[in-house]
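A.B. asks: What follows is a structure written as structure tokens; I'll ask about it next.
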């Protein structure tokens with residue numbers, strides 16, 4: 001939510017930002033807010049004047065009573081003032097509702113470094129890491145997507161898609177999951193169960209070492225938390241509701257972590273607060289019909305480890321760089337080639353002022369795919385959830401800044417591992433960083449395991 005003072009004092013800043021975001025239909029909202037706010041402030045001034053007059057009348061009434069003089073005219077005026085105040089306060093309540101309607105639906109103000117664009121095609125790659133395995137048929141596409149800035153090894157054989165690897169390894173049962181739950185669900189099986197849990201523990205250990213407090217949050221939250229953490233559109237497109245209850249299944253641990261300190265004034269000396277949440281995530285994926293319908297890349301349920309930071313406003317941009325760096329460390333340890341992209345205004349969403357994505361090279365698909373999002377939400381969530389801090393007891397509280405980043409979403413990390421670490425024979429060679437967590441160094445195709453057992 002935006003600060004009404006920003007709109008009141010610098011409406012052109014907000015309008016320019018809406019134009020950059022392509023939200024031109026909301027430009028008239030700013031003029032409407034200014035008009036409503038002007039009327040609200042005029043009414044408030046009248047209310048304060050009337051209260052002052054009423055207090056003066058109370059003094060006069062006291063004096064007249066003491067002197068035994070009539071007070072009927074003063075009482076009549078006092079009662080008129082009470083009614084006038086009630087009417088003005090009622091009018092201001094309605095004005096406030098209208099103002100809040102707009103404020104709650106306006107996007108965050110973007111950082112000056114966010115590129116202007118219309119869609120994900122306008123996102124800007126800013127750095128690359130790793131040596132990609134590239135099938136010769138994907139080479140030209142890879143060079144274009146990596147801007148010629150990434151090392152690569154050309155393969156004469158085409159790596160399998162992760163969905164084919166799942167079948168080869170007997171790592172998942174998608175058909176039975178569809179029978180039981182519908183599309184975009186899966187049974188994870190055998191070594192991939194261990195791999196999923198290993199990825200969670202690996203990411204968790206990395207962040208605990210960096211001072212993050214581990215948290216398993218509630219998997220369901222009340223509506224005010226979701227309204228505070230995200231946009232209203234998500235209630236239709238993303239979030240599952242528990243029927244008959246004021247509860248919603250979380251689409252990410254970010255949301256219960258954002259709500260953790262709702263309506264609190266934090267002690268400034270405790271900032272930054274660093275949390276690493278571990279949870280399942282539940283998503284409708286209503287707006288993604290036809291996309292990634294096979295496999296486990298885009299699903300209704302998955303595990304995720306999430307970084308969440310409450311910081312001072314003046315420190316939040318430094319923390320944004322830190323949390324994306326943390327995520328990069330994790331994918332470097334997993335030996336997954338990737339690029340970091342600066343998300344453009346048209347793909348940014350309403351909540352973040354700036355967002356980085358890590359896109360892993362998927363050797364089977366021949367393209368980069370999103371595996372991490374890291375956002376600085378500045379005070380947009382904090383205003384909605386009323387999360388403030390102060391350094392001294394009598395100091396006026398200020399809103400914190402909130403930041404979040406994926407550490408690892410296990411299903412997508414598994415996709416990246418299966419596509420990048422497979423051999424021509426279909427063996428998956430796990431990165432060394434995971435060995436102590438899995439207890440094994442490779443995953444064999446099912447037919448190889450059967451042959452080993454027979455021998």
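Each residue, glycine too, has its Cβ placed from N, Cα and C.
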A.B. asks: Report the candidate from 276, 299 that shares the ATP site with 283, 284, 285, 370, 371, 372, 373, as recorded in Swiss-Prot.
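C.D. replies: Checking 276, 299 against Swiss-Prot: the ATP site match is 299.
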A.B. asks: Quick check: of 378, 393, 406, which does Swiss-Prot put in the same L-serine site as 252, 253, 254, 306?
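C.D. replies: The one candidate that Swiss-Prot places in that L-serine site: 406.
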A.B. asks: Compute the C-alpha separation of residue 371 (ATP binding site) from residue 406 (L-serine binding site), stating it in Å without decimals.
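C.D. replies: Residue 371 (ATP binding site) to residue 406 (L-serine binding site), Cα-Cα distance: 8 Å.
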A.B. asks: If you count other CB atoms within 10 A of each CB, which of 254, 285, 306, 370 wins among these binding-site residues?
C.D. replies: 254
A.B. asks: Any idea what the Cα distance is from residue 372 (ATP binding site) over to residue 406 (L-serine binding site), rounded to a whole Å?
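C.D. replies: Cα of residue 372 (ATP binding site) to Cα of residue 406 (L-serine binding site) measures 5 Å after rounding.
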A.B. asks: For residue 252 (L-serine binding site), which of these binding-site residues sit within 10 Å, Cα to Cα: 283, 284, 285?
C.D. replies: 283
A.B. asks: Between the binding-site residues 284, 285, 299, 373, which lies closest to residue 254 (L-serine binding site), Cα to Cα?
C.D. replies: 373
